[in-house]
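Here's what TrEMBL has on this protein:
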COILED    167-201  coiled coil
COMPBIAS  238-253  compositional bias 'Basic and acidic residues'
DOMAIN    2-61  domain '4Fe-4S'
DOMAIN    77-106  domain '4Fe-4S ferredoxin-type'
DOMAIN    107-136  domain '4Fe-4S ferredoxin-type'
REGION    225-253  region 'Disordered'
């Protein structure tokens, strides 16, 4: 049976919003920082007070108030793109941590609201401000509206059910996030391989060009030597011809 590290246990509590409000690039790096005592347990606004209390129980420490320097807790929202204003720049697609935005260059983009974590990372890069965060529509279960269901107090009658549904949604978001990281790594390796091949081809062409240039220079030098030799031989021939002409003139006289 695989041992679960402390970082994994902490990560299992975090809401998997991947919003970076905690000061780290994602929930897992934040979890690792907490496990290594490089970060406090109160730096996750989407997790709210309930998340802080769960972390405190896991670590056996006293709960802390949410550090508002990282943001404040608020009900989960999802991104909504004004498709009429969208210019298809793909910048929002590039920053979505769970690939919840679909579209193509110069074509309309749209958000898969059920997979949107509400991280808001897509707002800033949009050059035409056609994205806004809105409250999700009413759905049959909390899992259908994404990861961050409002963290309710333990005495709430639906707390246990919502916690289970929220956990399922968080697990789904974590899986999508990890798949995205794997995709980005594959694309990076592909780019590096293509660059290496282009570089190799350029070097090969440069060598061939250099060899061709050297051959051309060698041939040119040989031709120059031949011309020089011919030029040196020509005056002697002319003198011989002149002497022969003079001898003929004398004989004729």
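Including glycine, each Cβ sits where the backbone N, Cα and C put it.
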Chain residues in Cβ proximity to the domain '4Fe-4S ferredoxin-type' (77-106) (below 8 Å; excluding those fewer than six residues from its ends, i.e. six or more beyond): 18, 26, 112-113, 115-123, 125-128, 130-136, 145-146, 173, 176-177, 179-180, 183
Reported mean pLDDT - the domain '4Fe-4S' (2-61): 96
